[in-house]
Amino acid sequence: MRVIAAMSGGVDSAVAAALAVEAGHDVTGVHLALSPDRQQLRSGSRGCCSVEDAHDARRVADALGIPFYVWDLAERFREDVVEDFVAEYAAGRTPNPCLRCNEKIKFSAVLDRAQALGFDAVVTGHHARLAGGELRRSVDAAKDQSYVLGVLTPEQLAGAAFPLGEMTKERVRELAAERGYAVAAKPDSHDICFIPDGDTRGFLARRLGEQPGPVVDALTGETVGTHGGAYGFTVGQRRGLGITTGDQRPRYVLGIEPVSRTVTVGTAEQAEVGEVRTALPTWAGPAPELPFTAEVQLRAHGAAVPCTVSAAGDGGLRIELGSPQRGVAPGQSAVLYAPDPVRGDRVLGQAAVDLAA
Ligand SMILES: Nc1ncnc2c1ncn2[C@@H]1O[C@H](COP(=O)(O)OP(=O)(O)OP(=O)(O)O)[C@@H](O)[C@H]1O
């Protein structure tokens, strides 16, 4: 096969590219320049695409003896990922930019360009398994990235390859060290690549400005604090609420109302939801017949819980949770899995959370 290896400059994609070469594929390395101000990203910071990262990727491509290019998709990334991220927060929702990037950039803009150039697939260092067209969790549960790939359609998955799904992160680092790659010990990337300092609230404040509003306690109906921008909150959040209540019980964000800028907080019991309504789903394989039972994961680093999925009537899904959950934030994806303890849980599809009650 002729494939594009998407090389971030990190250890995962270095090893993914190496395994593709060693499997006999005709591999071309591509680093994506995604940040509009890549020169400003400090070297050493783990942004998605600092100049330093591009050099790291190039060194691995040179060691592999494969052609290497930098594709500038910064404008597409800005429109489809960064602006979507800002708009979602402005609307009181909590987006997942990695999922959006997979949907709109890596397995859309990049895959389209690759296919137009005659390549068959895009190989990445994602930790997930893809065999026979079925997307499954990685064997390394702690590193599993199937959640952020759950949005991909069968057509997109047909043009993807994830060589790392059958191995642990530790094994990936060993393979990189055996091959003498300097990136073998490079730290894992964290958080959001276009916010390298990790200060999401600061990033949003620069974009959206001060938007003061009240924090209201659902238990008493009283205003218990003020905030500088509702975008600084996520449903389910407990820390950093900056409030004083009359009792000692912890409070959690229950809801965010963007027009009045009201952040509502409540007790742990009030924060629990038993049912989730979603927007239109996407399916990773043939659309399953509704209703069905499955497991649902409601955020990138959450555990999956048993659920029953039915039609909500408006094209969206109604997901009844087997046990009540806290911190189900509108805008996050509800990724549905078919539990399979032997072969690894299979992704069925996903839908964005609209409402949880
Ligand atoms: N700037 C980029 N250029 C090319 N490919 C990229 C870029 N950013 C991410 N990717 C691809 O997407 C995959 C998953 O991205 P993610 O940001 O989760 O990286 P990661 O798990 O830290 O992997 P790595 O160690 O390769 O950076 C990477 O392994 C790589 O194949």
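Glycine too: its Cβ is placed from the backbone N, Cα and C atoms.
Within L32, L34, L111, the residue that TrEMBL lists together with A6, M7, S8, G9, G10, V11, D12, S13, G125 for binding ATP is L32. Separating the Cα atoms of C101 (active site, nucleophile) and C193 (active site, cysteine persulfide intermediate) is a whole-number distance of 11 Å. In the structure as shown, the Cβ atom of D12 (ATP binding site) sits within 10 Å of 26 other Cβ atoms. Closest in space to L32 (ATP binding site), of the recorded positions given as H126, C193, Q332, is C193, taking the CA atom of each residue. In this structure, C193 is the one among the recorded positions A6, L32, C101, C193 with the smallest number of other Cβ atoms inside 10 Å of its Cβ. Using DSSP to sort the residues of the domain 'tRNA-specific 2-thiouridylase MnmA-like central' (202-266) gives these counts of helix, strand and coil: 10 helix, 21 strand, 34 coil.
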